[in-house]
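*Asks:* Quick paste from TrEMBL:
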DOMAIN    27-320  domain 'Sugar phosphate transporter'
REGION    332-351  region 'Disordered'
TRANSMEM  21-44  transmembrane segment
TRANSMEM  100-117  transmembrane segment
TRANSMEM  129-148  transmembrane segment
TRANSMEM  155-172  transmembrane segment
TRANSMEM  184-202  transmembrane segment
TRANSMEM  223-245  transmembrane segment
TRANSMEM  251-272  transmembrane segment
TRANSMEM  308-327  transmembrane segment
Amino acid sequence: MALMGTSDPPGEAEASQEKPFVLRALQIALVVSLYWVTSISMVFLNKYLLDSPSLRLDTPIFVTFYQCLVTVLLCRGLSSLATCCPGTVDFPALHLDLKVARSVLPLSVVFIGMITFNNLCLKYVGVAFYNVGRSLTTVFNVLLSYLLLKQTTSFYALLTCSVIIGGFWLGVDQEGAEGTLSWTGTLFGVLASLCVSLNAIYTKKVLPAVDGSIWRLTFYNNVNACVLFLPLLLVLGELRALFTFPQLGSAHFWGMMTLGGLFGFAIGYVTGLQIKFTSPLTHNVSGTAKACAQTVLAVLYYEEAKSFLWWTSNMMVLGGSSAYTWVRGREMKKTQEEPHPRENEKSNMEV
């Protein structure tokens, strides 16, 4: 199984289609379960590292920097393994090219904003509110597609976006009513949503610079991030805070930090794996269902009591996101099925 996110050879694709239904269903169930466990575990672990009363580590930039460093080391390790032991793992050869790094740099700035604002949002808001706090990604996708790519959106898709916005504002209102609202965390959540949308748009433009390889792009993004994070660590005083951290020499602390980096690397792989075994549409639906399960688990784990309107805001956000995915999927299918004008003219001439 490849780690590159590329499609299987025709022989493997045909073989997978010939597998019994029960076996294919079991494979899909295992892959989806792996995605859910990895994603949910990563969120709870990051919450522990960023805002645990027992840890008391106030260095969110360093936590993000260390996770990027772990990803760089894993990419280099897998690349070396693929070179030394061909056939063991399918991973692209990685050689640091400063010219390519400069080409990827604009995207890396957006990437840094995305992962940093995600972690800062999680630091200041509860896990239960985390999905609502970052729920405007779909709205920014529509807005930026129009502003940057001049792509228009259908009325029904805009209607689903209005449901998401309504759910977001209702969630903010209910968090305020319960006295748990963090405007700082909410702002970071909105900025994270904006950066996620920008990252998706600019990734397509930068991919040719890395020969279309997602793993090469991951490597260069994280290398650039590690370099750019260093001055931030100095300016914000996080290195000084780290040196006075009581658990700096604790094996448990560094084990949790490294595990967070492993989850950060793994989520990219299992996401691609889920899309490979299902489809992009099913992946989005699975992500929405995962977000719902994550919210319920957070409420139960932290023993929180939430109002009916608070749950309604979550259902609006999740329902609006699912509806948008369904509407866009139908529109894309309809576009693919419609014959091109030139084909119509050609058929008319032949008649």
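Just so you know, glycine gets a Cβ as well, placed from its N, Cα and C.
Since this is a predicted model, take the numbers as computed values, not measurements.
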*Asks:* So which of 21-44, 100-117, 129-148, 155-172, 251-272 is most in touch with the transmembrane segment (308-327), counting Cβ pairs under 8 Å?
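*Replies:* Out of the listed stretches, 155-172 contacts the transmembrane segment (308-327) most.
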*Asks:* Quick test of the contact rule: Cβ under 8 Å, at least six residues beyond the ends. What residues does that give for the transmembrane segment (155-172)?
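*Replies:* Tertiary neighbours of the transmembrane segment (155-172) are 129, 132-133, 135-136, 138-139, 142, 181, 186, 309-310, 312-321, 323-324, 327-328, 331.
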*Asks:* Could you name the stretch, out of 100-117, 129-148, 184-202, with the greatest number of CB pairs under 8 A to the transmembrane segment (223-245)?
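*Replies:* Answer, by Cβ pair count: 100-117.
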*Asks:* Given pairs 6 or more apart, does the transmembrane segment (100-117) have at least three Cβ pairs under 8 Å with the transmembrane segment (184-202)?
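*Replies:* These two stretches do touch.
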*Asks:* Have the transmembrane segment (21-44) and the transmembrane segment (184-202) got at least three CB pairs under 8 Å, pairs 6 or more apart in sequence?
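*Replies:* No, the stretches stay apart by this measure.
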*Asks:* What average pLDDT does the predicted model assign to the domain 'Sugar phosphate transporter' (27-320)?
*Replies:* 92
